[in-house]
Amino acid sequence: MGELTAFLLPLIIVLMVKHSNSRTHSLRYFRLGVSDPIHGVPEFISVGYVDSHPITTYDSVTQQKEPRAPWMAENLAPDHWERYTQLLRGWQQMFKVELKRLQRHYNHSGSHTYQRMIGCELLEDGSTTGFLQYAYDGQDFLIFNKDTLSWLAVDNVAHTIKRAWEANQHELQYQKNWLEEECIAWLKRFLEYGKDTLQRTEPPLVRVNRKETFPGVTTLFCKAHGFYPPEIYMTWMKNGEEIVQEMDYGDILPSGDGTYQTWASVELDPQSSNLYSCHVEHCGVHVVLQVPQESEAIPLVMKAVSGSIVFVIVLAGVGVLVWRRRPREQNGAVYLPTPD
C-alpha cells in the first residue's frame, strides 16, 4: 500500500442509506485539501464516482482531470477534460485559501484537512436526492439544505461562513439547480456510457460454515461473494424469526474482479434445538440456506423475491473503495475523523 493510500484510509466518508427494495444509482464528487501534507500526499485531490466506480481523478501533482473508466474516455471529448481541468485548478487554489482561513479561525497549525462532497442519487421509481456538505478535520462543518436554500453550521466558525454564503441567494439557487437537474442529467448520461458495467447483475455465491470461535462457542458464518451490484441484504433467522440483534456483519469489500463479498454471523446455542437459516436477497433473488443440526451438508433453495438493502462506504481517495453495512434505520452522512 502506497503512502497516499495509507494516509487517506482514515478519510472514509460513511454514507448510510435506508433499507430499500429498489436499486439506487449515484454520482458523487469528493474534494480533499491538505495543509502541510506529508511526503507523497498531494495538497489537493478530487475524485468522481458513479455508484462504486471511480470515473475521474485530479490532484495537485498532475494538475489534470483524467478519466478512470474506459467508457468515460471513449465518450467525452478532449475539450471536456481541458475545461474541467481549468475549473479544478481554480478549486485547488480556493481550497488552499479556505483551509488557511479555517486554520486561522481555529488557531491551528500543522496538517489539517478540508473536504467537500457533492452529488445526487437516482432511485428506481424516478425520484432523486441531492447533497452538498463540507468537513474540517473529518468532522461535519457545513451541510446544505437545498429545500430551504440554507446551510446548517456546526460551530461558531461555520456560522460565520454560513452568514456569508447565505447572503448570496443567486449561488444558493445555482447549487439547488445543479443538484436537482444538472447532476441528475450527468448521472443518466454516465449510466448510459457505462451501462455494460454499471447496470449488469451477477448473483452471489453463498455458503454457510461453522467455526469454534472460542472454547465451547460455535459461530455460524454465512458468506456471499461474486455478486454485483454491491447492494445486498443478509440476515440470519432462528426458528423462522429474524435475529438482527444477535448478528455480526462483515464489510462489503471489492473482490478485485469487479464483484463484491461479505458475510454475516451468529453464535449457535449448543444447548438448544433451534433451527437456523441464512437469507440473502440480491436483485430480486432470495437465497435460503438451512443449517442442519448434525450434518455438514447444506441444502440450497432459491426463489424470486423483491427487496434489497443498500449500504455504502466511499473512500475519498484515488480509486480505493470500501463498503460496510450500517443499521438499516439510520440515514444521512457521517465523516470519520482524520489525523491532525
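Here, residue 1 is simply the first one shown, and the rest follow in order.
Glycine is treated like the rest: Cβ placed from N, Cα and C.
Not measured: the values here are computed from a predicted model.
The stretch that Swiss-Prot tags with region 'Connecting peptide', taken from the ranges 6-14, 294-302, 312-320, is 294-302. Which of CYS183, CYS222 pairs with CYS278 is settled by Swiss-Prot: its disulfide partner is CYS222.
In sequence order, LEU132, PHE144, LYS146 make up the list of same-chain residues 6 or more apart from GLN175 (7-hydroxy-6-methyl-8-(1-D-ribityl)lumazine binding site) whose Cβ falls under 8 Å from its Cβ. In this view, TYR174 (7-hydroxy-6-methyl-8-(1-D-ribityl)lumazine binding site) is surrounded by 12 other Cβ atoms within 10 Å of its Cβ, with every protein chain counted. Mean pLDDT across the topological domain 'Extracellular' (23-302) comes to 92 in this model.
Sequence-distant neighbours of ARG116 (7-hydroxy-6-methyl-8-(1-D-ribityl)lumazine binding site): residues of the same chain at least 6 apart with a C-beta under 8 Å from its C-beta are TYR29, PHE30, ARG31, LEU32, PHE95, LEU132, GLN133, TYR134, ALA135. DSSP assigns TYR174 (7-hydroxy-6-methyl-8-(1-D-ribityl)lumazine binding site) to a helix.
Sorting each residue of the region 'Alpha-1' (23-109) by its DSSP state yields 35 helix, 26 strand, 26 coil.
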